[in-house]
Each structure stands twice: as structure tokens, then as C-alpha cells.
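Please read the structure below before turning to the comments.
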Amino acid sequence: QSGVLPSLPPGPTPSQSRFQVDLVAEAAGAGADDKSPSSDASTTLPSRAATEEAKGRFRVVNFADPSAEGTGAPPEGAPAEGLQNGDTVMSETSLHSSTGGQHHYHYDTHTNTYYLRTFGHNTIDAVPNIDFYRQTAAPLGEKLIRPTLSELHDELDKEPFEDGFANGEELTPAEEAAAKEAADSKGVVKFGWIKGVLVRCMLNIWGVMLFIRMSWIVGQAGIALSCVIVLMATVVTTITGLSTSAIATNGFVRGGGAYYLISRSLGPEFGGSIGLIFAFANAVAVAMYVVGFAETVVDLLAGVNAIMTDETNDIRIIGTITVILLLGISVAGMEWEAKAQIFLLFVLVTAIINYFIGTFITVQSKAPMGFFGYDGSIMWENMGPDFREQTFFSVFSIFFPAATGILAGANISGDLADPQLAIPRGTLLAILITGIVYLGVAVSTGSCIVRDATGSINDTISSQFMANCTDAACKFGFDFSSCAGKKCPYGLQNDVQVMSLVSGFSPIITAGIFSATLSSALASLVSAPKVFQALCKDNIYPGFSMFAKGYGKNNEPLRGYILTFCIALGFILIAELNIIAPIISNFFLASYALINFSVFHASLANSPGWRPSFKYYNMWVSLAGAVLCCVVMFVINWWAALLTNVIVMGLYIYVSYKKPDVNWGSSTQALTYHQALTHTLHLSGVEDHVKNFRPQCLVMTGYPNSRPALLHLVHSFTKNVGLLICGHVRTGSRRPNFKELATDQSRYQRWLLRNETKAFYTPVFAEDMRQGTQYLLQAAGLGRLRPNTLVLGFKNDWRDGDMMNVETYIHMIHDAFDFQYGAVILRLKEGLDVSHIQGQDDLLSSQEKSSGMKDVVVSIDMSKDSDGDSSKPSSKATSLQNSPSPTVPLNLSDQRLLEASQQFQKKQGKGTVDVWWLFDDGGLTLLIPYLLTNKKRWKDCKIRVFIGGKINRIDHDRRAMATLLSKFRIDFSDITVLGDINTKPKKENSSAFEEMIEPYRLKEDDMEQEVAERLKNSEPWRITDNELELYRAKTNRQIRLNELLKEHSSTANLIVMSMPLARKGTVSSALYMAWLEALSKDLPPILLVRGNHQSVLTFYS
């Protein structure tokens, strides 16, 4: 069989004319050490020289050999298992790089190297290959990295970017470690579906119940209701089996069974709580089964008078010895454990067959004990119920634990060769077989044994009494009527060992009881540590991480075995199982309920990633299964069910509070997205109403941590009320680095979340600030979740730099009004931007009180971003003591700036918020302070309202305003009507203003008209003498208002004031900027607000 690629043209170098062909196979079985399995000499690897030439080659892609595919035969000389590990043959340069086995080569196209030709073209584009989709260091083969988009698309002089993972594919360190161990291990034992799942499940489901309790259940409930009980239990387990199959076939399953399935589909909160409970339930189940075994042994000993001390202590002694032996078997390794299971199953099946054979052999000596062989009258008599001190549900609750154990196969999912095939096939078949056997036993015992028998051979009846004897036993000549008054020792109702009485050879039934208990104990003893180990590897409960370590080639959780052994031993010493059994059943049922719920949830979320290859499930059936499980929990034992629910909820709350650093793409995330999308669409179908108006702010913060005061103030009135978008226009570089933009986007979004700021960070690239702001004004937001107010910081340095910046800044405000936005400007006299202060993050964090709990999480989080970026926000957790203190001592102005930047974080105390509502802009000027004073930090502040009015109508104006405010239901402490707004400002203030605008005047009267026009075109911001005269009154008003503000509001915590408007195209930007400067200088924090003149307040209900 030749391995040469069919369509390779004879090429210039040997490296390209011959390739080793590998079958890409998902088989984990083969440790494919031998890299050239084909014995054909023509297909040997390229020689050393060829390899040298192949150094430039990018990466090798597997092609499957067509001839081999057709026959399905592996190449000769392949390892014994036949299929290979999907190893790619690489040139010698592709050794593991330090990045954990990712292969990255930088290459250049100008040298004379050749790439592997895809379809005969000279390209580095790779064809689809399973290895591109693996997670790092996956156990089944090498992860390859497909060429990144930038490697294929960017211009050649650019260095290709180092590429991280695709979204959400990164593994937790624990998973990586696990994957590495799995990759290293050779000769790992993996089981097929029969040995791994079917055998385990059948052994676990057929417990002691089959032999000891089944006949008693038939005696109590009758044949019909016994079948109903078995079928009810089977319905619950079948639905759960279908759900388990659906989850198990939705992607590659690792070890950890029920925990793995639930956590990967519902997220760490449910997974973590169930994992712990499930592992604990399995550990206690070991004790339950071992005590069941010990009781039988003690009964046997009592039969021959060989009791050691007394019954209870004997149970403890035998139980302890047994559990030590079981521990030995399981620690010896999975192979031994599997061999033991097969042997036990053989014994169990023999015992069942032995019983069924026995039912056909009627022996005269067994008749007094109530066994007469199959008979219609006995069957008819036993058809209906005969409850004695029991009810239907109490009998059901005794039987139900016998149906659990369906997850025994799934629990060792990590040790299965192909979990996706094995779990559905094995689990469902096991449920079917065991269900049929239970029904068979129920019908057969009910058809050949009477309910009560004395066991005395003398209770025969003579022919004359035959007439008035009604029991089925009368037909066979026995009269057991004496049992009506007293309790007889034999019969279905009384003798739990009826099955050994009936069977062909009774010791085999005893052996069956032994094998049923021991196999279940063994399965649980193996399941518990495996589930617990998977839980610890994910590091959901940090305290347990020591149990994550595995030993040996099979990665056996020895520490987990010891822990399970200790728990089991503790419960064996209690030796009272009637208390423990219901709790265990409830723990198992809770995990069944969640598995069913997971399937419903995943189908509901409608995530594209939910596509199980097992198709026979239905979301509503799964939901019904989940509800059934919960109902059964309460039926079996209501207090245990309550206890279980409390424990699950407690663990759930704990895990959600700790927020483990994992992302498994759970259906909870998918559903959140689905709901957000649906609601956003619903919202868009509704017209806005003034009662529902919310200020939705686009705040031009730059990096969110560079203007803290602006962010904090706006956040305090939008938090839980409206949308807050942190806009950031990035200008400058000739070639924008979009990749960096994307990483910044996610990094600062994380920063916002960590600082508990409910905002979105939206960066854009643009030629200049104005263009970028226009982009944001038009495109930010979604449907009804769009900003309606633009918030800017005041441009404090407007006189220092290029005046074109002022032109841009003023035009941003004009643009906002053009787009029907409201505009808000915040001015602090110290300034807003703190990004130039070295180490300001550490200072900020030292002033914050961060809760001890969150610290840990934050510091872990930050370690992910290891790009030495100076503008990067440091985590909250760094405090002043341990962070390197800023190298340069801060000068006074910077210190003041830092303090000012934090002032809206503090509680505001008893102060005032002064609202200067001079012009009606629709009410935004009043709504913002109202929203602000509703917040906890501001609630002690009173609102004072200032309005303009005429001297002679002050009282009238005040009353009119008071009426309006009370109609709006806005609390205020005081209304001041200012009659003297239009008086002339003080002389020195007017001359200061003249002095300020002097450098920016055009002075067109002093020059030629042409020269003046040319200058105005080149510097459009210049103030003409004409406009200065035209707007003299308005200019005076701004100066005068500043005097009034200083007089009335110099002690306010915040001033909210109507922003003066300037007509576009007639007022130059320098003059408008000068007005804003004159109005707001030397004051407490001031917000200049101008709504878009649509009403935002209403007094109608």
C-alpha cells in the first residue's frame, strides 16, 4: 500500500515530493510512537538534507490516504490497536516551543522555501483538520495552530501577531495540567461500552433490593402496583438516561461524570454544588452497601451460632474489613477493579437465573412455607395490594434506591475509550435489562408464593373443610388462616429471604447478595474519588485543591480514595442505615434533576454549540423528568429533600459569590444572551414615552480610568437607571492597530466590571476627536439602548494648545445638538484627567476599601494580561504598602487633582445641590439632580433651585416654580428668584474677559477686507468685532452669572446649570469657549446641562 500523495507534481526539492501519510484518527488507544508505520520503502520520511530545506515550511497538514480509507485497513506495522493518534509528521524544526506546545514559526515568503501545496497552489492556507480544533495539549493528539488571519491577510512588512486563543478556548491551568498528564501517559487503560458502562450500571442498579426486598414489595403492593412502582422508577431513570446521553454526546467528555456533565452545561455554580454532594453521596453509599453485605454475613453467622461479640459490633468489624479489602482492589488500579466487576456480574447473573429456574421446580418440602409453583389463583390473589403499616409511596421510596446507579458508567467518563458512544448505549441498555428483570421477579414471585405461610407441615386441611376455605393455598391443601391474627414467619409479607427459599440452590442467592452489595460498593468507591478529583482540578473550592493530584499512568486519585475510605468507615461505624439511605437517594435524585434540567436549559437557550449527536431527547420530556425527580425526592422523605435543597442552594450561593475564574461556555451564558436579545428587540417595538425617559449617557472618558471624577459622577445618576457608554476616540497613528483596540476593549470592560461600574467601554479609531465623536453619536448603542445625552469634561487647557482643538471641541457640542442629543459638560477647577500621574492606580486603590473576598479573585484576574502596558489599570487588590510607590513625589497640583478625582466616590454629607434652571430645556437640568439625590451617597443633599425673574414679580415667579416642582413631585428645600441677572457685571470682571479673548480676535477693522477673509478662513475660530458687538449682552450675562454663582453657590457640593447655547455658524468657537470659561470659572464642581428640548418630565400619571 503506497503512502505517496496522489496529486503532488514532481517538485524541485525532495521535501515536497514525498510525504508521510497519516490517518487522522480520534482513537486514544494507540500510543503511536512509531512515526513511520508504513513498511513501504518509498514512503520513508524526507532525508536529513530535505528536512533542512523544509525548515521554512509552515506546517504539515494531514491528508488521509484514499486507498486506506476505502479498505479501512490501517497501514501495516501500525501499533496493535490499529488506529493512530492523529500525530502529524513535522520537520525537525517543529519541536515544542516554550509556549506549551503551540507551534509558531515566523516565516518569510522571499526565500526559496516551499510550503505544503494545498490543492497544488503555493499557499500557507491550511485545509480543515481536526487538530486545529483541539484544546491545548489535548490528550488525543497534538494541537496545531491554523494560520491566523493576520498571517494570511496583513502586508508583508508587518510582523505577524502572536496569536492567543480563539474565544473562550483557553483552559484553566488545572485542565491544562490534566491534558498534559493525559498526553504523556502511555498504555492507559480505557474501557469499551460493555465493560465500562453496561456492566457497571447493571451491577450498580441491581442492588440488595433485588434479592432481599423485591418479594416483600410484591407482598405489600401486589403484582399490579409493584409493576407500577418499577415502571415509575424506570421512567425517571430512563428520562435521566436520555438526558445524560444528550449531554455526553455534545462534545468530548472528560473525567468527572455527573459533575463534569452538569458543570459544563449549567456552569460552575450548579456543577460545583452537585459535584460535592454527588461525591459525598457516593462515599456514603459505599458504607450503605458494605453494611448491607455485613448484615447478610452476620445473619449467616447467627445461623450457625458464630457471633463474635454482638450483632451491631459484628457488623462494624466485618464492614471495616470489607471496606479495607475494597480499597485495596480499587487502589490496585482500574484494571483490577474492572476484572472484579466482571466476576461479580457473573455471580449475580447466575444467582438470578438460579432463582428463575427454581420457580419452575416445585418441591413438596417448600409448600408449608408458601411456595407452590406457578398458579393462576395465587397470581390472582396477589394481584391487588395488601398494605400493612405501609402506603404506596412508602413502599415506592423503599424500592427507588434500587433504580439509582444509572450514572455509574458516566462517573468514570475519563476512563472510557469513547464516552460519546459508550454512555448512551451502555446506560440505556442497562436500564432496559434491569427494568425487565425487576418486572420479571415481581410477576414471578407474586405468581408462585402466597403472602402468608406458617411453615408448619401440620397446617393441611381435610376435605370436609375444603368448602369454606377461600385462600389460594387451600387448593394445594394448606390452611394458613391462622396467620390472620398473628404474624407468621413465612410468605411474601414476612420472609425477606423468600428468593433463596425458591431458588434451585440457595447458597448461590447468598453469593448473589454478596456480589450485588460488593459490586455496588466498589462502583461507588471508584466513582466518588473520580468525581471529587475532577471537582478539585477545576479549583472551584480552593480548599480542596490538594485532592486534585493523580498518581500513576491512569492518574488515579489516591488521596481521594483515602478520603472516601474515611467517610465510608465513619458511616459504617454508625451501622444504622435507615437514617442515611433516604439522604443518599435524595442526593442522587438532586443530581438527576439537574442533569435533566441542563438538557432543558441548553435547548431553551438555543445556543449554536448545543448539537448532541444523540437525537432521541426532548426538552419538555427532560423538564418533566427534572420535575419528577424533585417530586420523588419529597415522596421518599420530605425532610431529607428539604435538607438536600438547602445544601444545594447554600453551595450554589457560595460558588456564585466566589465567582471562580472559569469559562465553560455554559448554557446559563447562552440563555442570558438569548434573553437580552429578545428583550432588546421587544423594547424596540415600543415607542418612547416621557414617563419612561432615562438619561442614557455617552461619556467621552478616554480610557475609563483616566477621568475618574467624570465617570463616577455620571455613574451615580445612571447606575440601575440608564445606559452608560464610555466613549474613547483614538486618533493619531497612520495605521490603526485594530488588534490592540480589541484587546483594550475587553481589558477595560473587565476593569469596569471589577470596579463595579455598570458601563460599556466603546473605543473607535478616527482621524480626529470630532469625527470619532460623530461615529459614536451615530452608531453607539442598540435599538432603544442608545445614548441620548453626550457628556464631556470641560476643556481646561483650551488657551494653551492649538486653537484648532477648541474648534473641534465646540463642534462636538454642535454635533450632539444636530443629532438631537442633550449635552452635559462637567468642570472641576482642579481638572479631570489623571492619566499623566505615574502610579495613580496604586494611589486610587489604596484609598478604596476593597472587600477582602474579592481581592483574591481580582489579583488572579490581572495576572492574565501580561502585556507590560503602562496605562494598564492595576488591580484593586494592590494596596499602597506592597505596590511600588510612585517614583516621583507628587507635586501639589497633582495631589489636589487626585483628591478631586475621588470626591464623587465619597458620601456627600449634608450639603446642597444647586440647580440654576434658567432656561427650559425639557427638564433634563432638573432630572439629573433629582436622580443624583436619590442615590445613597447623595441622599443627605438638599436641592436648591435658582431661577431668573423680574424684580417686581419675584413672589409670583417663586410660587409658580414651587407649583411646577410639586406637580413634578421633586423635593426641593428652597427656591431663589434672581431679579438682578441683567445688571452690568463688575468692571474688573468685564476687563478680565476682554483680556482673555484678546489673542483670539480677528480685528478685521484694522486690515484689508481680503486679508481679513483669508485669515478667517485659515483660522475659523477667530472672533470678529462684529459678532462681539452683536453678542455684547450675552457676554455680559455669562460674566454676571459667574458673580451670582460665587455669591449664592460657592459652598454647594455640586452646581447644575443651564448651558448657554451658541448659534452654529454665527458664534465663533473661541467666543463660545470664552463664555463657558467665564461662566464656570473658580467654582465648586459644576455641570452645564442642556437637554434636547424634548420634555423629559411630566406631571400626568
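Placement of Cβ uses the backbone N, Cα and C atoms for every residue, glycine included.
All annotation found in TrEMBL is predicted automatically rather than curated by experts.
Here TrEMBL flags 1-104 (among others) as region 'Disordered'.
Annotation comment: TrEMBL describes 85-101 (among others) as compositional bias 'Polar residues'.
Sequence annotations record features per position, and here TrEMBL assigns domain 'Amino acid permease N-terminal' to 108-159.
Feature annotation from TrEMBL assigns domain 'Amino acid permease/ SLC12A' to 196-698.
Annotated transmembrane segment per TrEMBL: 197-217 (among others), in sequence order. Packing against the transmembrane segment (197-217) from elsewhere in the chain are residues 191, 226, 229, 289, 292, 296, 338, 341-342, 344-345, 348, 351-352, 395, 398-399, 401-406, 408-410, 412, 416, 422-423, 425-427, 429-431, 433-434, 437-438, 441-442, 445, 449, 492-493, 495-500, 509, 512-513, 515-517, 519-520, 523-524: each is 6 or more residues past its ends and has a CB under 8 Å from a CB in it.
Note on the transmembrane segment (223-253): residues 217, 260-261, 264-265, 379, 382-385, 392, 395-396, 399-400, 402-404, 406-407, 410, 413, 416, 419-420, 423-424, 427-428, 431, 435, 438-439, 442-443, 446-447, 592, 595-596, 598-599, 602, 609-614, 616-617, 621-622, 624-625, 628-629, 632 of its chain, located 6 or more positions outside it, place their CB under 8 angstroms from a CB of the stretch. The annotation transmembrane segment is assigned in TrEMBL to 223-253 (among others).
Per TrEMBL, transmembrane segment is recorded for 274-295 (among others).
Residues or ranges marked as transmembrane segment by TrEMBL: 315-336 (among others).
The annotation transmembrane segment is assigned in TrEMBL to 343-363 (among others).
Here TrEMBL flags 391-410 (among others) as transmembrane segment.
The annotation transmembrane segment is assigned in TrEMBL to 422-441 (among others).
Residues annotated as transmembrane segment in TrEMBL: 561-581 (among others). Here the transmembrane segment (561-581) has Cβ contacts under 8 Å with residues 279-280, 282-284, 286-288, 290-292, 294, 312, 315-316, 319-320, 323-324, 327, 330-331, 401, 525, 528-529, 532, 547 of the same chain, all six or more residues outside its ends.
Under the heading transmembrane segment, TrEMBL lists 587-605 (among others). Note on the transmembrane segment (587-605): residues 236-237, 239-240, 243-244, 246-247, 250, 258, 261-262, 265-266, 270, 274, 277-278, 280-281, 401, 404, 407, 617, 619-620, 622-623, 625-626, 629-630, 632-633, 636, 644-645, 648, 667-668, 670-671, 673-674 of its chain, located 6 or more positions outside it, place their CB under 8 angstroms from a CB of the stretch.
Tertiary neighbourhood of the transmembrane segment (617-640): same-chain residues 235-236, 239-240, 242-243, 245-246, 393, 396-397, 400, 582-583, 585-586, 589-590, 592-594, 596-597, 599-600, 603-604, selected by CB-CB distance under 8 Å and a gap of 6+ residues from either end. Residues or ranges marked as transmembrane segment by TrEMBL: 617-640 (among others).
The domain 'SLC12A transporter C-terminal' annotation in TrEMBL covers 707-1101.
Look at TrEMBL and you will find 862-887 (among others) tagged as region 'Disordered'.
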Do any residues, 6 or more residues outside the transmembrane segment (343-363), come within under 8 Å Cβ-to-Cβ of it, and if so which ones?
199, 202-203, 206, 210-211, 371-374, 437, 440-441, 444, 448, 499, 502-505, 508-509, 511-516, 518-519, 522
Would you mind giving the whole-number mean pLDDT across the domain 'Amino acid permease N-terminal' (108-159)?
65
